[in-house]
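Quick look at what Swiss-Prot annotates:
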TRANSMEM  22-42  transmembrane segment
TRANSMEM  44-64  transmembrane segment
TRANSMEM  97-117  transmembrane segment
TRANSMEM  140-160  transmembrane segment
TRANSMEM  163-183  transmembrane segment
TRANSMEM  207-227  transmembrane segment
TRANSMEM  261-281  transmembrane segment
TRANSMEM  319-339  transmembrane segment
TRANSMEM  366-386  transmembrane segment
TRANSMEM  389-409  transmembrane segment
TRANSMEM  423-443  transmembrane segment
Amino acid sequence: MSTTDSIVSSQTKQSSWRKSDTTWTLGLFGTAIGAGVLFFPIRAGFGGLIPILLMLVLAYPIAFYCHRALARLCLSGSNPSGNITETVEEHFGKTGGVVITFLYFFAICPLLWIYGVTITNTFMTFWENQLQMPALNRGFVALFLLLLMAFVIWFGKDLMVKVMSYLVWPFIASLVLISLSLIPYWNSAVIDQVDLSNIALTGHDGILVTVWLGISIMVFSFNFSPIVSSFVVSKREEYEKDFGREFTERKCSQIISRASMLMVAVVMFFAFSCLFTLSPANMADAKAQNIPVLSYLANHFASLSGTKSTFATVLEYGASIIALVAIFKSFFGHYLGTLEGLNGLVLKFGYKGDKTKVSLGKLNTISMIFIMGSTWVVAYANPNILDLIEAMGAPIIASLLCLLPMYAIRKAPSLAKYRGRLDNVFVTVIGLLTILNIVYKLF
């Protein structure tokens, strides 16, 4: 074998699937699987069997094409170690950097408000239904839970980060186990309600509107955009020098594809299992009660007449505890991102970017007071969580995940090779449909 053949053979071997690629596949998957998944079955099952089947068809393309578009934007910067802010500044100047900072902050902060409402409702329903305790004042419960989390964050942030990383896989495993455990309780209610002669495509409860609103919850639930920039930087540093940018782009696409398949398989199986256990009417009731599907399942098993099996009792309590842990995990993870983003905005606009004018402790205190204060106000007001996701959380995520990369493809020379592709149209349409939810909610 010649020296050239040896080099090619060596590079081919080294460029094949690596352990780090598996690690990142699982990392992207784990980032997306959080408390948002607990609301997806409610919206997906709200309209019955046909809309959720259509969402099943759309799930993988939404997860894969949208995140691949964002990854391509991150890959387009000249500096392999440059994050998304640096890349956007390179393409659009300092103004672009400010815009992306605002987008990141406002993409994450509403999620904290959503989790503030969710954890309050989940705790109160667990307290009243599973523990059979008298009802508590909502404002007090929300304040107590937020102060508890603020205390943990303030005095044990490093420990909390470690705990969060350990909780990812037990949470995913518990979702799969619950999905499997619900199979003995499946019924045909959702199938019996399908009336092909009386299907409405349009209108408030029509299939098209239900799927349209479902797209926003899919964008929210299938979202690992916060980690895409770090993922791309890691892969560029690992592969680009030896194998080139095109190879790195293909590798990133391959990893995103596998993570998306895992994510869709787990979340859709969970959604179908919940829907076959409950019914569209139950899902509507869960939406009205403003609680995640696991809390509703716990109440459902608590209300079973007659002697309950040990399994049903375990599921009743386990579902609520898993929901609480999932929301705590998601809250802490998003809090750290919100704190970092708000610190950056306060530093940029309050202190003109001069880090010497303010201590990190003071900066953290200012940001924490705003974050926890605004979260308490929203948690006390108790807006409908799905409406909040559809009107705020998902549209802002879509602007970052879908529309920003599409705009960059049209304007940035380094992304010109991606112009005119059909998948660009798909990503743009998904982004616009998600943002148009705001208009639907207003009118």
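Each Cβ is built from the backbone N, Cα and C atoms, and glycine gets one as well.
Contact between the transmembrane segment (261-281) and the transmembrane segment (163-183) is supported: at least 3 Cβ pairs lie under 8 Å, counting only residues 6 or more apart in sequence. Sequence-remote contacts of a segment are chain residues at least 6 beyond its ends whose Cβ falls under 8 Å from one of its Cβ atoms, and for the transmembrane segment (97-117) they are 35-36, 84-86, 88-89, 142, 146, 225-226, 290, 327, 330-331, 334-335, 337-338, 341-342, 344-345, 348, 371, 374-376, 378-379, 382-383, 385, 388-389, 392-393, 396-397, 399-400, 404. Here the transmembrane segment (44-64) has long-range neighbours at 32, 190-191, 193-194, 199, 205, 207, 210-211, 214-215, 217-219, 222, 256-257, 260-261, 263-264, 267-268, 271-272, 274-275, 278, 280, 283-284, 287, 426, 430, meaning same-chain residues at least 6 beyond its ends whose C-beta is under 8 angstroms from one of its own. In summary, the transmembrane segment (163-183) lies against the transmembrane segment (22-42): three or more C-beta pairs, each 6 or more positions apart in sequence, are under 8 Å. The listed stretches are 140-160, 319-339, 366-386, 423-443; of these, 319-339 has the most Cβ pairs under 8 Å to the transmembrane segment (22-42).
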